């Protein structure tokens, strides 16, 4: 005993361990919800489940869905008990609630430790940021411009893509392999810069900065989350994402100031212009509140769009039976509509179906519609959620549910095209369409507003690649296995593909 009392390190360790166990016990009971538990039970069991959550998350959600698909269940995670809502009526009940009841931003903020890594998604500072509806309107404005044949926006978008593709994908005749994810990530970044920052697309150092930032956010966010609140500012100081964020804020703020100096009555040409004008028209917001929102949009646009692009290319490379029908559709679309334009891209319905099936078969997140209860909430069936509870819907399991998607365990690249033909409801099965049975882009109040721009980017990239090149995995091997982390599924970031130029095909596909 004398040794213990004379050793401050041992005393400190005992106090820390006792404090941790006490906090864990409080968290265990405070976040408890009266629904079935999936995984280990009890205080000790839930603690073990929390430790193993990184590896067991997707399996737990699948198991819980199979046993409780008509109600709900809870799983033990580092955030406490998280509740998965499987019942369709209950999902409809919570998905459209206002943020003062169920907040999507609070989940994003905590997941990525946005206070330090992604200020444009910081829940604690939401009152200072340009509101979400304004952000959605700016993206809708871009969507309308893309659909307007008289607006040069989409033609310039295509030119940006063609330049970026030529710079990043330098294909040799022998089809030498190259890493798929980093190359296509830079192409997606160039397109995103074009839409959000216009002329800055021509600055390679900005593309470098954005790609580095997009990679740093999840890594640093997950790392910072491991530490208690008192240590997070110190840990964040040594992380990369906060410094990269500051650099981006400086670059974009200086660009806005330069544009203002050149022309105070500038007509908006990109999302940054639109947001800057919104700040002018709405006193009480500073320009930085718009800039950090734009930066947050970059992150959402680059990383997730690249992932689906890579998933799609890997599926095409290992499913040669789809190559001819997709190429025939692309060729017909280009001839009919006179080249690479919005009308041609929209007419590629089989390609759209293939991309959507690649997304279904490789769901980014096993969960969707993630919300945090910002106050105590009670469903109409009586289920009570204490303030702070995280809830989500079972996105991944639903996508393989045979009652929703017959032969769901099998890849069918024309699945959604055939459903559109059979039902004569093509809109219901497009890549961008969200529904209660397809939650890849969310649903309800917080359906992803950037999905239309993402769809344009992915379809353009995949169509161009397939039209001009034969695609194969390195050494003609099998499809590289996906990687999972907690609820998330990533394509193999190191996967290499081979592109071999096709023989001249005499069409309008320049």
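In case you wondered, yes, glycine gets a Cβ from its N, Cα and C as well.
Residue 448 (heme binding site) carries neither a helix nor a strand DSSP state and counts as coil. Feature annotation from Swiss-Prot assigns heme binding site to 448.
A simple way to gauge crowding: the CB of residue 148 (N-linked glycosylation site) has 12 other CB atoms within 10 angstroms, across all the protein chains here. A coil conformation is recorded for residue 148 (N-linked glycosylation site) in the three-state DSSP classification, outside any helix or strand. The N-linked glycosylation site feature in Swiss-Prot is assigned to 148 (among others).
Residues annotated as N-linked glycosylation site in Swiss-Prot, with sequence analysis given as evidence: 341 (among others). Taking the Cβ of residue 341 (N-linked glycosylation site) as reference, residues of its chain lying under 8 Å away and at least six apart in sequence are, in sequence order, 149, 154, 155, 158. Under the three-state DSSP scheme, residue 341 (N-linked glycosylation site) falls in the coil class.
According to Swiss-Prot, the N-linked glycosylation site annotation covers 482 (among others). Of all Cβ atoms in the shown protein chains, 17 besides its own fall within 10 Å of the Cβ of residue 482 (N-linked glycosylation site).
If you look up Swiss-Prot, you'll see 9-26 marked as transmembrane segment, on the strength of sequence analysis.
Cα to Cα, residue 482 (N-linked glycosylation site) and residue 448 (heme binding site) are separated by 24 Å. In the three-state DSSP reading, residue 482 (N-linked glycosylation site) counts as coil. Comparing residue 148 (N-linked glycosylation site) with residue 448 (heme binding site), their Cα atoms are 22 Å apart once rounded. For residue 448 (heme binding site), other Cβ atoms within 10 Å of its Cβ number 19.
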